[in-house]
Amino acid sequence: MTQFNKLTMSQRAPSTSNHNTPSTAKTHTFLFGELQTTTSSDPPSPESASPTSDFDDARLSANPTEKPVVGLGVGRENGEREFQEQVGRRASIPVRLEKIRGKERYRLVMDDELGRLLVSRSVVRGKKRKKKFSDLVFTKRFTAFDRRSPEAASSPFRGFYTVFWMSVVILILKLAATSYKEQGRLFGIDILSMMFNPNNLIDCLLVDATMFWGSTLWCVPLQKAVAKGRISWERTGWVLQMVWEAVYLGAVIEYTLWKDWPWIQTVFVVLHCLVMLMKQHSYAFYNGHLSGVCGRLRSLERKLVELRALDTIEDFERAIMEEVAACNGELSSYVEDNDGPKVVYPQNLTWWNYFEYIHFPTVVYELVYPRTTTINWPYVLEKTTATFGVLGIMIVVSQHLILPVVLQTHTLRLLPLSSRLQAFPYILLDLIFPFMIEYLMAWYLIWELILNALAELTFFADRGFYGPWWNSTTWDAFARDWNKPVHNFLLRHVYHSSISTWHVSRGTATVITFLLSAIVHELVMWSLFKRLRGYLLVAQMLQVPLVYASRTKLLKGRETLGNVIFWLGIYTGPSFLCSLYLII
């Protein structure tokens, strides 16, 4: 097959008038896919004629490294007989000749799938087949602060974990004592009244439930139609999905603006909408990709049946078999530790599969996940109790340390810009510490408590929701470890998809990923403050040059300095951005 590079043959055209009229000879030279045709008025001599005036692709060698033993000076009959005696009946490749319109040239046409496999060196050489989506490994594991984690139980820093929570409790007691001394009550109720206002609360929960479960009515029917061939994913399906996602997000945000909810309900619904948007996108595009793989598999299987009816080249058939096996592997998935059966596309396109998936604490769709067999109800009770406890801490800190400063900024807005800039450093210092507490509490509430409780209730065994981000020395390490579910989504559906679809470099794909993340975060700020400023977008995009700066000689290898710079950004970043949105 690899020697099928250049072949010269002569084909005599029939006479146009009588047998005495000199005929025109056409010489076709095959240059791996194209026949060059030249016309001559003189008939070819027996010495110069090819031994095979009638082209027969069956004479190709079955061994890719073996050349047919035929000389140019051998006569037609003797050479053909010698060839048959030496190599016998050989395998063939199904091709056809196609004349180029308006030219005395011909092209050797081969089936698209077979031609691609024929010239694909990666398949022939046995290289790993590249996939459009990155491979994510889901496995049974615990979070770092989970008491059931072996690493947490044996950590030499577990004492700092204890003293941290003791310090938080002492802070809450101090705030309660101060409030009782000044106002005659332990805690203020402004934030609580805002959160649990009956009208806003019921409306918020109804919208959230509709948004959450209502997505099933779109995603499942669309993928069923794609799997049955009624809709082509490559042509129409992905466009319909993107239009749906835009309408879905726009409708939810528009509804929050119309209802003019307080910031608590607005942030909750918008963030949950973004989570559901990622879930739907991953479900649709992964299954859409599998529909293309499934169609390719059917095409290869049909061609394999056709080739087996012929005496085809063994290496060529083996290449198709390897591609068929790769497609079958991509269309099916299983977890070794699970007792459940292997899940194969499109058998996964069921209402229950999607309903179960949207309750899992992940935004990346897979055919199968590692599962647990039982629910540890004391563990669920522990996480639920801790959830309300941490939520109470956040309410107290917001009520007594953040809300007074925010109310102060409302009066500052009436002052000239110069006066607001003079007050800006003091506002920033007042917000740094409480915002740091809120930042840590919000992260712990979501990624340690809520997601673990949800995983236990849904038998979801992979609890790798975060990594040791507190030890980060660069901002890209923080982006990887702080929020694993979203990082996995961006890695598969933005970073790797940009490289495979648009053929961009890794650096460009990184910028695209950071830009999309920054736009989404700025969208949340816009829905929260009702003003578009772009402060958060700029701050997040500044992480890109900081990532490259961390790889320079000045910072590379200096882990302590890198960690100090990281924590300086965490300490000052949230309060600085909030002050900008409130004052300027």
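Yeah, the Cβs are placed from backbone N, Cα and C, and that goes for glycine too.
Given the structure is predicted, the values throughout are model-derived calculations rather than measurements.
The region 'Disordered' annotation in TrEMBL covers 1-73.
Annotated compositional bias 'Polar residues' per TrEMBL: 1-27, in sequence order.
If you look up TrEMBL, you'll see 37-53 marked as compositional bias 'Low complexity'.
Sequence annotations record features per position, and here TrEMBL assigns transmembrane segment to 385-403 (among others). Distant neighbours of the transmembrane segment (385-403): 168, 171-172, 175-176, 178-179, 187-192, 195, 431, 433-435, 437-438, 441-442, 444-445, 449-450, 453; these residues of the same chain sit at least 6 beyond its ends, with a Cβ under 8 Å from one of its Cβ atoms.
The transmembrane segment annotation in TrEMBL covers 423-446 (among others).
Annotation comment: TrEMBL describes 507-526 (among others) as transmembrane segment. Outside the transmembrane segment (507-526), and at least 6 residues removed from its termini, the chain residues within Cβ reach (under 8 Å) are 253, 267, 270-271, 274, 490, 494-496, 498-499, 532-537, 540-541, 543-544, 547, 581.
Taken from TrEMBL, the feature transmembrane segment covers 561-583 (among others). Away from its own ends, the transmembrane segment (561-583) comes close to residues 406, 409, 412-413, 420, 423-424, 427-428, 431-432, 435-436, 438-439, 471-475, 478, 525, 529, 531, 533, 535-536, 539, 550, 555 of its chain (Cβ-Cβ under 8 Å, at least six residues beyond either end).
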